[in-house]
Amino acid sequence: MKFFVVNMYTDLKISLTILLYTGFWTRQKEVTNILSYCYPFLTFMFMAGISIIAQFVDLLHVWGDVSLMTSSSFLLFTNVSFGLKMFNILWKREEVRAIIDDCDQVLRAVDTSWGYEIVKSGIRKSFLLFSIYTFLANISVFGWAISPEKGELPTRAWYPYNTTSSPGYELTYLHQVSAVLLGASVNASLDTVVISLMAQCTCRLRLLAAALRMLGGDMLVTNMFEAEQERAIREELQRCVQQHRSVLQVAGLLQQYFSTSILAQFSVSLVIICVTAYQLAFVSSNVLTILGMTTYFMCMLMQVFLYCYQAHELSTVSSQVGDAVYESLWYEMSAPLRKDLLVLMVRSQRVIKITAGGFTTLSLNTFMAIIKTSYTLFTVLQRED
């Protein structure tokens, strides 16, 4: 049995492997039973469940004090959205597996030099963004773990025992650090599954656009294509249409399966970015705390940016499919074949869009809107202080 889950995209391979060994993913031939859900539940309770309860109770205790409330909710909202994403991947695991297998099969079937370069470029770009994201996540966890003063815990939380004396302090400190460290890896992996699938859809559309530009490009033609040549072009065009339909279907499924969880993530991100900025501006004085919160702030921005960026890329490339048809040798084809190309061009005008719960389309403009809204919330907190 291989250690890593098999996939062409390195970031998705690593992420699925992490989810596999934490119980949120299974190998294709493994039988799903009640035990396969008990393990991820225990993992969830260790990583986020206990922290959610402890931080929520503490939030109730300090309600009304803005400074303490922001400190108590520092990781609470992150864990809540984290839990929603874990539940969603468990609920839609087999459906998501079908999408992953379909994309991986299509990309592995590429047998041209130009196609291989497109795929390789997509893998490199996706892995680079993944590396930056995970680096920021790990640095923020490290800074957060070493930031508390002597005798203090990294995160405010309520526990039904004394956490200021030994061994309660050491055990609680160890749990908080290990839970956040493991949770950061799983959380980043859950994000990467969605983000990488959007990147793979974009890659498939780039392959489609390249194939459309090259329709008949390898054939000798003087004025118009001959009947035999047009037959070959039509067969290739049919394959392109099938691939286009397949990508549209996958994008629709991504919208169906992850739109709600993306909305929850973005809603929570608004609050987290605002709260973290408030902590940085008015509460934190420890240099290590400031470093940890700064990297955490950047990590949250990167998380939202990756969703918006990949969705923006997907929409942009899908709108360029019609341009690729126009760049082909359509002027040397017969009228019936031109009509078929025209149908594809018209269909490509309906741009693929990924939305957050159907409320807003993910794009770079959405990313800027989230930052502006977070700043507005930040100014409200500043006035309340």
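Placement of Cβ uses the backbone N, Cα and C atoms for every residue, glycine included.
Now, the feature entries from TrEMBL:
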- 37-57: transmembrane segment (TRANSMEM)
- 69-91: transmembrane segment (TRANSMEM)
- 127-146: transmembrane segment (TRANSMEM)
- 177-199: transmembrane segment (TRANSMEM)
- 262-281: transmembrane segment (TRANSMEM)
- 287-309: transmembrane segment (TRANSMEM)
Discussion item. Before we move on, state whether the transmembrane segment (37-57) and the transmembrane segment (127-146) share at least 3 Cβ pairs under 8 Å, counting only pairs 6 or more apart in sequence.
Written reply: no
Worksheet entry | For the transmembrane segment (177-199), distant same-chain residues with Cβ under 8 A (at least six beyond the ends) | 9, 11-12, 14-16, 18-19, 22, 24, 43, 46-48, 50-51, 75, 78-79, 82, 85-86, 89, 96, 99-100, 103, 122, 125-126, 129-130, 133-134, 137-138, 140-141, 144-145, 154-155, 250, 254, 258, 262, 265, 303, 306-307, 310-311, 313-314, 354
Item to complete: Verify whether three or more Cβ pairs under 8 angstroms connect the transmembrane segment (287-309) with the transmembrane segment (69-91), leaving out any pair fewer than 6 apart in sequence.
Response: no
